[in-house]
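Asker: Let me give you the structure first, and then I'll get to my questions.
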Amino acid sequence: MKKSVNILKKSYLPVCLALLFLSSCSTENDVTNDTELNAVYAKTSFKTDYMVILKSESIPNGFEAEMESFGATVKSTIPEIGVLVVSSSENVSNKISKKGNVRSVVPDLNVQWIEPSDFAPLASPLSIGSDEFYFDLLWGMDAIDAPEAWNTGQTGAGVRVAVLDSGMDGTHPDIAPNLNTGLSASFIEDEDWQVQPGSYFNHGTHVAGTIAAADNEIGVIGVAPNAEIVAVKVLSEFSGSGPFSSINAGIVYAADIEADVINMSLGATLNKNGKFYDEDGNFTDKIPSKYIQEVVHAQQRAINYAYRKGVTIVVSAGNGGENFDGNGSTIKLPASLNNVISVSATAPESWIENPLGDLDLPASYTDYGRSHVTVSAPGGDFDSPSDFWFYDMVLSASPGGWFFSAGTSMASPHVAGVAALIIGKNGGQMDPHEVTKQLTNTADNIDGNGASLYHGKGRVNAYRAVTE
């Protein structure tokens, strides 16, 4: 499993400039924490699709036909949590909402969960042969003691990880060996889970590589290099957006295919009062605050469904640089929900010039709060004054090569990988509560004695997680 590379021979690498994260994902535009919240609000669109949320978490026989009789078109159903998606006029949706077994009818908000890729390569995409290894650039693996965990024989074998994201490059040499193509699926209309060919940054592929890139003497290696990964597309690969119903359906699907771990490197910040703003903070629109409450309720149903079925759910904490302790005006989804592991981001500063320096600095953009963050993990950063600042980011797979990126989107898959190692050690099945307890009990206390503003219970440690 030992890999080596003379990093001095590589003067620069292609970089995905993940610089404007909408809540939790790699950013690639302007880096302004103040912009992040408003950008999410501005990029939420209203469609003629509605989520019909029933009072019970099931759909009674004949209910779909009844919706059709009202004049609505049933587009999809999530019977496991009592949710339907219908296309209808506002008048029809109002009629449906008055039915006795209907809890609510709300717009199926189409949210920009991640920014469209706008990477600025410092070189053409890497072409790595079988004798070129980039393990030495993976400072995040050192930070969490992943090699030491592998040396105990724990590699995530027998564990299934569902990556809910923007699809995946199933042909990538670091992804293909561990990808279950038969179970991979898309919940985005007119898009396949397999992304378009080419050489570019793809969020889902990058995330999957950090979780479980194969130990195949090519490129990079994941935290759990023998875990199985399943691509569950819930966001458009072209825009990074997706309706709430797609996220919810993807969560339920992952649970139904018996995933052991779900990773969601995505998120949205919503005002609880239903107001939306543009990037300058100007008011643009408003929906009833109840709609926000019901959207949250539906997603919590999906999370609870997966949790009850034994799935450990790991999510990114967000990239707004916001303290969520005592924040009563906004909510971060899914990081603010119950039964999830919310991950903040850490990073070095000028790592390539000081490889023995601190790897656990809170990233400049990470959301934080003792009530918000469960644990921290390497997510990378981009604020170093060094000319080689990009080495402080996270290197992983992407179509056509390997790219650097930064964000809590990159931190979450480190934790998902460690969760896979824990579950693998315990025979391939484990209650998510016990997985969370093992992650937090074995995390390294960086500050705050296990109750840190930025690190939660601590920065995850893969070796301790499988040996203590």
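Every residue gets a Cβ built from N, Cα and C, even glycine.
In case it helps, TrEMBL gives these features for our protein:
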ACT_SITE  D165  active site, charge relay system
ACT_SITE  H203  active site, charge relay system
ACT_SITE  S409  active site, charge relay system
DOMAIN    156-457  domain 'Peptidase S8/S53'
SIGNAL    1-28  signal peptide
Asker: Average the pLDDT scores across the domain 'Peptidase S8/S53' (156-457) and report the rounded value.
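Answerer: That region's mean pLDDT is 95.
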Asker: Can you give me the Cα-Cα distance between D165 (active site, charge relay system) and S409 (active site, charge relay system) in Å, rounded to a whole number?
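Answerer: Per the Cα atoms, D165 (active site, charge relay system) and S409 (active site, charge relay system) stand 10 Å apart.
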Asker: Whole-number Å only: compute the distance from the Cα of S409 (active site, charge relay system) to the Cα of H203 (active site, charge relay system).
Answerer: 9
Asker: Give me the count of other Cβ atoms within 10 A of the Cβ belonging to H203 (active site, charge relay system).
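Answerer: Excluding its own Cβ, the number within 10 Å is 32.
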Asker: Most Cβ neighbours within 10 Å: which of the active-site residues D165, S409 is it?
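Answerer: Selected residue: S409.
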